[in-house]
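Notes follow the structure.
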Amino acid sequence: MSKKKKVRLYNKKKKLPETTIIANLQSKYDTIDETKITKFTDLPLSTKTLKGLAENDYVEMTDIQRQSIGLALRGCDILGAAKTGSGKTLAFLIPLLEILYCKQWTRLDGLGALVITPTRELAYQIYETLRKIGHYHDISAGLIIGGKDLKFEKRRMDQCNIVICTPGRLLQHMDENPLFDCVNMQVLVLDEADRCLDMGFEQTMNSIIENLPPKRQTLLFSATQTKSVRDLARLSLKDPMYVSVHEHATHTTPEALRQNYVVCALEDKVSMLWSFIRNHLKQKIIIFFSSCKQVKYIYEVFCRLRPGIILFATDIAARGLDFPAVDWVVQMDCPEDVNAYIHRAGRTARFQRNGECLLVLLPSEEKMVEKLRTCKIPISMIQINPNKLQSPQRKMEALLARDVLLKETAQRAFISYIKSIFLMKDKEVFNVHVLNTDSFARSLGLAIPPRIRFLQRMEQKRQLSNKNTEEKKPLTVNNELNDINEEVNDYKDDEQEIKSQSMDSIDFTLDDSDDDILTVKRKNINLDDIQIAIANKQDEGLNKKKAVTKAAVAKKVLRKMIVPNKKITFDDKGELDEDSGINIEIAKQILHEEDKFDKQRFREKIKEKHKEKKRKLKTSKKIDDKNDQDETEDNINNYTSDDEYNGPDLSWLPDPDKIYGKQGENYSETQESEEESNIHRPPKRKLITQDEFKKKKKQKSLDVDNTDLKADEELVLQLLQN
Ligand code: ADP
Ligand code: MG
């Protein structure tokens, strides 16, 4: 028995060289038959990956994994589409690990694979999954997302073989981090690819793609995949394989997801939500609103009134996030389009679990149901029993009466919702004019509905335009754009009004993240909205109360290489008056010369000190007169001719920068010669005109002559005394 065991151990120790193992695996790639394999062990994967998978109970493959891993291993570009919760993350992480493993990637090889995702939260989840399945590999991974320590990321960047990132932060590293190097990059993955490529990220993604090596493998994954030829061209995909596992499925959403909708008046929404939570106390619920300010308000109110525990979210959580065991997704506000609906609803019924989804629609938004059904989404209507609705309105009113800050939050939530409806592109579904805003405000606990100036003004314009049409005077496009700009300004006024109503003055802009609504983040915002976004950007400066220091402005100017405006004045005859104002170029030159001059003077002073010191030394040693005289003459000869003078040894002097501080820093250092850079610069400077400069220069040369004379006189006197 024991002998047999020994033989087995011996056989186990006999290990093939890694290159042979890799060659073996790679030779099997072409024979992978997607129709026959079911388990991860059926794939030619490294033992390190297989161990990582088994440890986490990943045994059977999902459809998307079965169909795409083999293709990716063979080096194909892939467009992977599969329902939410169907395991797309592993479908790209496994090939990433294997590709780098087969290339025997080490830390020294730098960045080998890049995974880009639209949100930080999703990037984090992917990173965690990679850590779980990839920890037997010697490959390092990094998470590069906004809100983390940039310096730390920068230092570590060159050591990362796989980087999981969000587009903005990645571009920041590409721009600013000298350690970021992607020349060796082999694979690029876009998770939630359609979102990464849509308008919100367009410019950032274009810049990123420009910086990436063109010879690479590209994998795109999403539940709602991009089919736009333009997108594919942007990414320079080579004969991409379209892996759409559920293309011919009866439904676009998971089969285990039960989907319902209710039609509910705007003013009843809060009561409906309240009652829903009270009736599902033991279940895990995610509730989506269309704006961050609504989430903030309802969260704060419900935290105090405590109908039950729930998670409130905006669309930031709608894509990709894998919340464990969610029972219900409630969409309190109608999603902007069918894709948004699919992603929100997909936070439940993930990977073989059941889940339910409730969509709350206004009577004016019912058209959405048709659109969903056209896209193969099975959704049925349920009725609300009005007798069972419990309203928290009185409690909310009481809360707001006591808490001014909360009241402001409510006002912002109110305006922000109206604005979100106004900005929706799909005017078939969203109509801001039919909203009963007064009763909606009351339902939020606001006794007096906040004024929505942009809406009032728009209403006036609409009436005017109707009148114009009747009179056959059509409005021009420009007029319309101007109107929208005014509306945006009115929106700002609305916000201002909320502020002025408040007794405590708080910095409104601090938590103003929800103004995102006004920026072009989504692909489906129309021309008018873009105009709004631009106007909003222009107004940003007015709205933000952050102090703008001169230093900040100067830095910005330097960064952007802005050439300062030149002031041009004309004399009475209308001719160009060149001497007027401060000519920056001349002023710079003057400053430079002045600086040289001052340095020269500084040297002279040092010379004097030096001479003084030597003299004292000699006197104390009582050297004989003749020798002393000769040497002093030598000194004088040495130091009076500037051409021959190579500079005294200044090392014994204290560092002038330490004594005078670094006041001279604003002076362009590039203009200095190396020799000059060690010399003290005068602390403060004032821009002077040319005439002043000439006068000053004359004065200075006189001063210097005087000091030279004085020094000489002193010296002669001393010699005579000796
Ligand atoms: P998707 O990106 O398609 O929405 P995810 O990759 O987030 O889906 O996976 C959804 C859930 O399914 C995750 O919790 C994941 O751990 C699990 N999962 C994925 N693949 C498998 C598998 N082969 N076996 C078991 N669980 C899996
Ligand atoms: Mg995913």
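Just so it is clear, glycine is given a Cβ too, placed from its N, Cα and C backbone atoms.
Look at TrEMBL and you will find 481-540 tagged as coiled coil. What TrEMBL lists as compositional bias 'Basic residues' is 610-620. Annotated compositional bias 'Basic and acidic residues' per TrEMBL: 688-710, in sequence order. Taken from TrEMBL, the feature domain 'DEAD-box RNA helicase Q' covers 38-66. According to TrEMBL, the feature domain 'Helicase ATP-binding' maps to 69-243. Under the heading domain 'Helicase C-terminal', TrEMBL lists 204-397. Summarising the annotation, TrEMBL assigns region 'Disordered' to 602-710. The feature motif 'Q motif' is assigned by TrEMBL to 38-66.
Counting residues of the domain 'DEAD-box RNA helicase Q' (38-66) by DSSP class, helix then strand then coil, yields 16 helix, 2 strand, 11 coil. Under DSSP, residues within the compositional bias 'Basic residues' (610-620) fall into helix, strand and coil as 11 helix, 0 strand, 0 coil.
This prediction places the mean pLDDT of the motif 'Q motif' (38-66) at 98.
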